[in-house]
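My structure is below; once you've seen it, I'll send some questions.
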Amino acid sequence: MYPAARRAAGRPPVRIVHSPDHGFPLLPTEALLAVLAGALLHAGWNTALKAGGGSASDAVLVVAGSAFIALLMLPVVPAPSLASAPYLGVTAVLHVAYFRLLAAAYREGAMSHAYPLMRGTPPLLVALCSGVLLGEGLSAGAWVGTVLVCGGILGLTLLGRRSGPAGPAGSWRGTACALANALVIAAYTLVDGIGVRLSGSAAGYTLWGFLLLSVPMVGGALLSDARGFLSHARRRWMVALAGGAASIASYGLALWAMTLAPIAVVAALRETSILFAMALAALVLRERIGPVRLASGVVIVLGAASLRLA
């Protein structure tokens with residue numbers, strides 16, 4: 001599918017490394033390091049936002065900052081192929097849906113309940129769909145790794161709720177929004193995985209993606225309360241630039257890795273960001289890491305190791 005489509009677009013086929021022993025795709029070391037670096041960046045800027053008392057408007061500021069950086073970089077970055085343009089349009093719509101469902105999930109339920117559902121479910125959905133739709137079947141070891149990563153993340157909610165102090169999980173609407181957002185995350189992961197492979201330029205595809213996303217996000221904020229948003233931007237412009245740069249780098253590294261390895265493997269590995277978030281929360285925010293979190297972290301590490309060795 002992809003080689004033919006890319007030849008039609010005037011681009012060389014994507015190189016996916018396969019094992020000579022069992023024929024399943026391998027995870028190149030450079031892809032592994034790229035995804036882990038992106039996961040660290042993702043956890044880092046999210047921790048910085050929380051440490052700085054970031055509000056909901058900060059998410060829009062980060063999108064605005066990423067768009068500003070994209071405008072500066074686009075003239076010196078190879079443009080993506082026109083074959084990837086429809087995917088850029090679709091992913092922009094999906095990302096808007098993501099932010100809306102994210103806000104709804106946090107409004108209707110506790111973040112500690114919604115976040116693991118939104119991040120722990122998509123890798124399994126991506127693995128199932130990429131195998132059926134794209135023919136990217138995973139090895140047994142890769143399936144084990146994916147299940148371990150997802151199980152470790154979901155365990156933070158299920159086991160943590162039993163062993164920790166009781167807290168409001170929220171209504172069924174919060175759970176429904178979180179699960180709906182998991183579907184959206186899986187969808188834009190698959191769309192971007194296909195699009196970046198057709199683009200011939202992971203950097204160009206990433207920058208255009210953030211630029212297109214900024215139109216409805218920033219435009220909506222300006223139409224809603226231009227004075228308040230601009231006032232907030234003047235106070236928090238460093239958040240916009242630092243968060244925007246980290247966001248572009250984090251997602252761009254993941255997209256580049258998808259040109260070297262199966263989409264499902266990259267999607268599962270990217271969720272190791274929760275490990276970095278746990279470590280940063282303990283070191284920077286002085287949050288307590290209990291035995292349940294540690295056990296879940298060990299399971300996630302084992303899953304990541306299985307993905308690398310599969």
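Note: Cβ is positioned from N, Cα and C throughout, glycine not excepted.
Just so you know, TrEMBL annotations never went through curation; they're auto-generated.
In case it's useful when we look at the structure, here is the feature table from TrEMBL:
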type     : residues : note
DOMAIN   : 31-157   : domain 'EamA'
DOMAIN   : 174-305  : domain 'EamA'
TRANSMEM : 31-48    : transmembrane segment
TRANSMEM : 60-79    : transmembrane segment
TRANSMEM : 85-105   : transmembrane segment
TRANSMEM : 117-134  : transmembrane segment
TRANSMEM : 140-160  : transmembrane segment
TRANSMEM : 172-191  : transmembrane segment
TRANSMEM : 203-224  : transmembrane segment
TRANSMEM : 236-257  : transmembrane segment
TRANSMEM : 263-285  : transmembrane segment
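How buried are the listed features, and what sits near them?
Note on the domain 'EamA' (174-305): mean pLDDT across this stretch is 88.
Only residues 6 or more beyond the boundaries of the transmembrane segment (117-134), in the same chain, are considered here, and those with a CB under 8 A from a CB of the stretch are 1, 102, 105, 143, 146-147, 149-154, 156-157, 175, 178-179, 181-183, 185-186, 189-190, 193-194, 262-264, 267-268, 271, 274.
Long-range contacts of the transmembrane segment (140-160) within its own chain (CB-CB distance under 8 A, at least 6 residues past either end) are made by residues 24, 112-113, 116-117, 119-121, 123-124, 127, 262, 264-265, 268-269, 271-272, 274, 290, 292-293, 295-300, 302-310.
Remote same-chain residues near the transmembrane segment (172-191) are listed as 87, 90-91, 94-95, 97-98, 101-102, 104-110, 113-115, 117-119, 121-122, 125-126, 129-130, 133-134, 263, 267 (criterion: CB distance under 8 Å, separation of at least six residues from the stretch ends).
Remote same-chain residues near the transmembrane segment (203-224) are listed as 57, 60, 63-64, 66-67, 69-71, 73-74, 77-80, 84, 88-89, 91-92, 95-96, 99, 192, 195-196, 230, 244, 247-248, 251-252, 255-256 (criterion: CB distance under 8 Å, separation of at least six residues from the stretch ends).
Residues 25, 27, 31-32, 35-36, 38-40, 42-44, 46-47, 50-51, 116, 119-120, 122-123, 126-127, 130-131, 134, 136, 138, 142, 145-146, 149-150, 153, 156, 186, 189-190, 193, 254, 257, 293, 297, 300-301, 303-304, 307, 310 of the same chain lie 6 or more positions beyond the ends of the transmembrane segment (263-285) yet place their CB under 8 Å from a CB of it.
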Among 60-79, 85-105, 236-257, point out the range having the most Cβ pairs under 8 angstroms from the transmembrane segment (31-48).
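Between the candidates 60-79, 85-105, 236-257, the best contact partner of the transmembrane segment (31-48) is 236-257.
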So if I exclude everything within five residues of the ends of the transmembrane segment (236-257), which remaining residues of that chain have a CB under 8 angstroms from its CBs? That is, six or more out.
31-32, 34-35, 37-39, 41-42, 44-45, 48-49, 52, 54, 57-58, 61-70, 192-193, 196, 202-203, 205-207, 209-210, 266, 270
